[in-house]
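If you look up TrEMBL, you'll see 37-58 marked as region 'Disordered'. Taken from TrEMBL, the feature compositional bias 'Pro residues' covers 42-53. Positions annotated as transmembrane segment by TrEMBL: 434-453, 473-492, 504-528, 697-714, 726-748, 754-773, 841-860, 880-902, 923-946, 958-978. Look at TrEMBL and you will find 651-961 tagged as domain 'GPI ethanolamine phosphate transferase 2 C-terminal'.
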Amino acid sequence: MRLRSGVFAAGCLLVQALGVGLFLRGFFPLPVRSLPRREPRGVPPAEPPPPGPGVTSNWTKIPSPLFKKVVIVLIDALRDDFVFGSKGKQFMPYTTQLVEKGTCCSFIAEAKPPTVTMPRIKALMTGSIPGFIDVIMNLNSPTLLEDNLIWQAKTAGKRIIFYGDDTWVKLFPKHFVEYDGTTSFFVSDYTEVDDNVTRHLDSVLKREDWDILILHYLGLDHIGHLTGPNSPLVGPKLYEMDNILKKIHTSLLSKEGESSLPNLLIVCGDHGMSETGSHGGSSEEEVHTPLLFISSAFEKRSGPLKQPELVQQTDLAATLAIGLGLPISRNSVGNIILSVIEGKTMREQLRFLHLNGFQLSRLLQENMPTYEKDPGFEHFKIAEKSHGNWIKLYLEGNNSEVLLNLGKKVLKQYLEALKILSSSLSKQVAQYDIYSMTVGTVIVLEVLLLLLLSMPKALSSRAEFEVPLSPPLFSLLFYLMCLMLCAVHVIVCTSAENLCYFCSISWLMAVGVMMLISALTCVILSAFGKMLENPKLPAKNPAVSNSSWSELDVLILAGTVGHAVSLGASSFIEEEHQTWYFLINTLCLALCQEICRHYFLVKECDLHLSTAVKQNFDDIEETTQCRNVDIPSCDSKLGKVTSSGQLLKGSEKWMGLASPWIILICCRLLRSLNQTGVQWAHRPDFGHWLTSSEHKAVLSLLAAISLVMIFILVQRRCSLVSKIAMALGLLGVYSYRAAIGNVVFPWQQDSKDISKGIIEARFVYVFVLGIIFTGTKDLLKSQVISADCKTKSIGLWEVYSGLVLLAALIFRPHNLPVLVFCLLIQMIMTRCIWKPLKFDAAQITIMHYWFGQAFFYFQGNSNSIASVDISAGFVGLNNYVEIPAIFLTGFATYAGPLLWAIHLLCYLSSEVSRNSAAIGHGCFCYALICSVPVTVYIILVTGLRYHLFIWSVFSPKLLYEGMHVFITAAVCMFFTAMDQNQSQKIHD
């Protein structure tokens, strides 16, 4: 079967995307759970039996509730320093007074990554650690079926009212007697989303027909996404929350009678907020949230203020269950917070801790075969035995010092056992689907091997080759492998204790995957056999016999391999941007050497050699009429020598020499714009300086200059209509940013008239779609009506211009210089490096890939989910619309790699000196260089799946790599579509 390089590469990437998706599904499993909540729970455990005959305890029931009414105020993205720091003292005076001198138990609750809302709500209400895949399910929260506090409260007959984030309504449908949900994804709104919650307060606080009131405020989180934690909007929002807490606390105190139980107000955050205003990662600002228990049941604080104690976010579920007199959720790995119950008698405290320990030990038994050898289980049994001795003394009426000291000892033993049990369960909370991971890894690895074995023929002058499909598919080996893999599948799926995802799919699909793996194996073996039969590989181009590697080729190979290997270290993943910055800086220095050699280091013998070889090549061209030979690949060395012998203009020469240094300066400026990574992300950068309210005028000037520069750099290859549309679109971009208050017009006196900018953004969308439609029309004309390279080139550049305009719209204003430098570097490299030095398509493709990866980090992205700017998904939208929001967020995140990939296609198509094979070469190299790191990383992360930083560092990077594969597959499909008419030239 004869295929072109581009078609073959696109097909390989589609298959690899299938393998990556299967691996991700196996790597991010659902957490291990206890029995379904609908099964009967049985009788709660009694107190530990006292030693000796005839002595028994009659306390077998769940203890009585500690509080009558409970109000939970969850303030989204509430960082611990917003309450305990300077902002808390300035903007939350009432809350600060309660923390310092009031009846309040204050803690810092540590959340586990991923720090996004839906998994955090699960952790708060179930006490379990949600699976990492919940970061994706966060966009469409399914019903929570596992045992949880809300379900236990409803089952116990408690009436629950909820107002706020509609994620709760999706997780707990039909659990609330009254609710009003607001969407959490429209981040441009930070006022109405909270007013919709507060408007219910006055009426509901006067009523007595509820037991639990839950309020989830979103405004602070939305402010963080829009402007960051240092925004002037944060202070007023915290003050608003403080007044709400004062109102609730005052109302709860007024309703307490002398004989009734006290009420409880809980103030907490689901996650924190990074220095950029986002969340999802594992930095201290994102995982540390305040947790306040405010009730008259607690004694007033006296003495010096102490640093709040650090607890786990999962501890809330167990503590609140005891406070409400409910069973602790089956899957909870949290511990009761002792400070909340230390006002009770010693017998009650030990009873509470015993219930917690019994629940944790039972969960451990269900998830660990060797639970009896676990240190936590052993400690619990020792504490339980000591507890029995204490009960014996208590029932005998012993009130001596011995009883008190023994009680304190048992208390300490329980706390130690609970801590170890919780730690053991946190490590066992999820099991990997090894079978699905193995199948996905095999597919990904086979695709990479196939690409590597096909590289010599795929990069040949014709850019097409024969794929040996028929012999392998009709061979005995293929059928034997299919039978063997199907047998393995049956054995694994019938004997697996835990359900595998690959076993849950239909048998037809499973057999299809087995046949795919068998076919890939047979094709690889066939290709490898042919390579052994003919070990002398053909040169890249028959016109040039010298195929020795240049220094640039060695650098490209070493950089690609070195980057892939570096992914095995967590520090290199956290600071991956440093790797790409180093690689492009080294590349610029290598290009500087090539330019110096091109313009100055020319010998007379090289001129004579070039004349002779050039004459020889002209003879070959005349006799064979091979007009489709890849000129850059065969003429790369000839062009470098012959053009050096010509008398060039001085300006062109010196511009060429200066170009690598100009690019280096641009890259250095971009590095200072956005601090990213982990180690130095907290350090101030130019972007933070620009986004502060004091420098809005400077940001406005910089944004205006950037938009003008974008127009100058983009419009040069567009039609007149597209130029006008681009100019109006860029004006609309500035108007949109002015409407939402990011920048100002010179005639604006203040920024009080701030809107959502819906009209302005949609105005820009009209021009984006118009420019892309014009380019698409030219592409269809060149592909269907007439094979006109010029028309196709213009169409591609207009599509590229439309994407640039879209990027300008959704980029934050301080990031517009990133877009300017991207266009500027592309223009410099095109005019001063790629054309004069006549690099081949493979080298140019890898340079585009490297710069695309560097610009991914220049935007401020990192390998943490917290750096994803979800506000870009709501530009021009009135409310949350799933598909446009996902597309815009994805495009904003991967704008750098995408713009460089489309520029590569535009450049290769516009160069008339190149033959039709160049696009195929570019597509194949782009697929190959993307396939290498994802394959290596999948193998590495499989081996490191029990690493300490697997969830905080390696897993987010795996999601980024998986998404990159899917985007690259789409890019290669576009390459293939643009390569259609070129294939006709090859066959003509």
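Using N, Cα and C of the backbone, Cβ positions are placed for all residues, glycine too.
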Recorded stretch that, among 697-714, 754-773, 923-946, has the most CB pairs under 8 Å to the transmembrane segment (434-453): 923-946
Any contact, the transmembrane segment (841-860) to the transmembrane segment (473-492), with at least 3 Cβ pairs under 8 A: no
Selected stretch (most C-beta pairs under 8 A with the transmembrane segment (923-946)) from 473-492, 504-528, 958-978: 958-978
Intrachain residues whose Cβ lies under 8 Å of the transmembrane segment (504-528), provided they are six or more past its termini: 15, 18, 22, 439, 442-443, 446-447, 449-450, 453-454, 467-469, 471-473, 475, 477-478, 481-482, 485-486, 489
Averaged pLDDT score, the domain 'GPI ethanolamine phosphate transferase 2 C-terminal' (651-961): 88
